[in-house]
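*Asks:* Before we start, here is the structure in question, set down as structure tokens.
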Amino acid sequence: MDQQLFNLARKPAMEELLGTGDPAKVNAVGTIATSIFIVGWAVGGLFFGILGDKIGRAKTMLLTILVYSLFTGLSAFSIGVWDFAFYRFLTGLGVGGEFAVGVALVAEVMPDHARARALGWLQALSAVGNMTAAMIAIGLGSIADTGISRWRIMFLIGTLPALLAIVIRMRLKEPERWQATAGLAPGDGDGGEPASADSSGAPVAQKLGSLSELFGDRRWRRNTIVGMLLAFSGVVGLWGIGFFSFDLIRDVFSETAVAMAAEQGLTEAPTAEFHRRLADGTVRMVSDKAEIPAEPEQGVEYVVASSEELALNSFLRRHPDVKPFVDAKLTQWTGYVSLVQNAGAFFGIYAFALVTVRIGRKPTFFLTFLLAMAATAFTFLFLGRIAGFWDVYWMIPIMGFCQIALFGGYAIYFPELFPTRLRSTGTSFCYNVGRLVAAAGPLALGMLVLLYDGYTAIDPSLPLRYAGVTMCAAFVIGLLALPFAPETKDQPLPE
């Protein structure tokens, strides 16, 4: 849920904290904040992944939930871009650790014949958390303005998962497979320490979460590198492209929201700042000259050209009388986008689990990478151009189905690559080192947006559209890694 709250809140948070609605600047800084969050996610995943092998799955999961809940709440109190980014980094520490520990725990308690479906369900249910975040955004967009920014309220609500820590502390036990590897008797996983030596006299603790073994053993090293490449491809595809569909929606449909505000009479008396901007530049029409209103400040289709071009709609969006309406409408619409995207994700993840049981892990990954690349490029090119806002209800679910199905594959496949003593560590390395490298994805998207900025005069959404399509090349990396990946279908967990 936290990651989706961040994606939904990112653009309005950047606009408020930067004090500007300039799309290029907001998008560029937003990509930096996203990359910092991803780096935190990767660092936390590596740390807590190793910790999960050393002290146990349940204890580590408790810590990760407390960490990300605390710093999600603190994000609501940000006063600038950089303290916001710092809180997101710390939030990422907890979010990153939870994945590796969670999938390792489920993989170890399920029998071989049911493991893939169980892990598929685990990842599919993460889409339910994302859909909850979407419904929060829709709900906040529907209520009257409270005087507190809606994005801040989102992050305050994001502290609620901390309540899960109580349940975990009381009910969740360590898997017997991990207890046996750690040298604990069944049932001792809550408070005991690993035995100091195994039957051969070698210290057991050194075998748990050992990086030297992970990279020293040829088999585990190959599996780790392949897993990292697969994760890199999918993470860039989702975090460097897919989740910026929320920003694309705001770019594509912000004019629509402003027009709706004007239709409802939410215009304002001309201000001194408004007249200053008119006086400093020249005003030109982008529609028929016959439609020029008697008072220029009544128009919503003028462009003011001064030291930098300022769309009148952008000015109206920042004005106190109009901005609450537009913000509420855009927040509500991005909530709809998130809801349908994650509905698609739910079915995509579960479909991956069903298909991979029948045809194997590698063929399923191959098909999914191809579909994700095609669906993402199509959505970024044509969203809003075929059926207006109705495009959201079929393009976004298809993109979510294809993109996020890959993460169902990661949840199933990565735990199958490593033995119990390295399962949390290896899974974490695959997912989070891949994520650490993939943190460059949003930065690359931001640079591409600036590179394509010359197309803004034609259509403000074109830079982000073209940048998203260019970034789809990331999916090719996953395809190139597949020939080196082992097939784990119908195989027991390695030991």
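Just so you know, glycine gets a Cβ as well, placed from its N, Cα and C.
Any TrEMBL annotation is an automated prediction that lacks curation.
According to TrEMBL, the record shows the following:
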type	residues	note
DOMAIN	1-489	domain 'Major facilitator superfamily (MFS) profile'
TRANSMEM	28-48	transmembrane segment
TRANSMEM	60-79	transmembrane segment
TRANSMEM	85-107	transmembrane segment
TRANSMEM	119-144	transmembrane segment
TRANSMEM	150-168	transmembrane segment
REGION	181-203	region 'Disordered'
TRANSMEM	225-246	transmembrane segment
TRANSMEM	333-353	transmembrane segment
TRANSMEM	365-386	transmembrane segment
TRANSMEM	392-413	transmembrane segment
TRANSMEM	433-452	transmembrane segment
TRANSMEM	464-485	transmembrane segment
*Asks:* Out of 85-107, 333-353, 433-452, which stretch has the largest tally of CB pairs under 8 angstroms to the transmembrane segment (392-413)?
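*Replies:* Comparing 85-107, 333-353, 433-452 against the transmembrane segment (392-413), the winner is 333-353.
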*Asks:* Using a Cβ cut-off under 8 Å, which residues of the same chain at least 6 positions beyond either end of the transmembrane segment (333-353) come close to it?
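*Replies:* The answer is 4, 7-8, 11, 116-117, 119-121, 123-124, 126-128, 130-131, 133-141, 242, 245-246, 249-250, 253, 257, 364, 368, 389, 392-393, 396-409, 411-412.
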*Asks:* What is the average pLDDT across the domain 'Major facilitator superfamily (MFS) profile' (1-489)?
*Replies:* 78
*Asks:* Would you say the transmembrane segment (464-485) and the transmembrane segment (225-246) are touching, if the rule is that at least three C-beta pairs must lie under 8 angstroms and be 6 or more residues apart?
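*Replies:* Stretch pair touches.
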*Asks:* Which residues of the chain, 6 or more past the ends of the transmembrane segment (464-485), have a CB below 8 A from one of its CBs?
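*Replies:* Same-chain contacts beyond the flanks: 27, 222, 225-226, 229-230, 232-234, 236-237, 240-241, 244, 247-248, 251, 361-362, 365-366, 369-370, 372-373, 376-377, 380-381, 383, 406, 441, 444-445, 448-449, 451-452, 455.
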*Asks:* Do any residues, 6 or more residues outside the transmembrane segment (85-107), come within under 8 Å Cβ-to-Cβ of it, and if so which ones?
*Replies:* 2-3, 6, 32-33, 36-49, 51-52, 57-58, 60-61, 63-72, 74-75, 78, 115, 118-119, 122-123, 175, 411, 414-416, 423-425, 427-428, 431-432, 435, 493
*Asks:* What residues elsewhere in the chain lie close to the transmembrane segment (60-79), defined as a C-beta under 8 angstroms and at least 6 residues from its ends?
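*Replies:* Beyond its ends, the transmembrane segment (60-79) has Cβ neighbours at 2, 5-6, 13, 17, 44, 48, 51-52, 87-88, 90-98, 101-102, 105, 152-156, 158-162, 164-165, 168-169, 172, 424.
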*Asks:* Looking only at residues six or more beyond either end of the transmembrane segment (433-452), which have a C-beta under 8 A from one in the stretch?
*Replies:* 24, 27-28, 30-32, 34-36, 38-39, 41-43, 45-46, 96, 227-233, 235-236, 239-241, 244, 462-464, 466-468, 470-471, 474
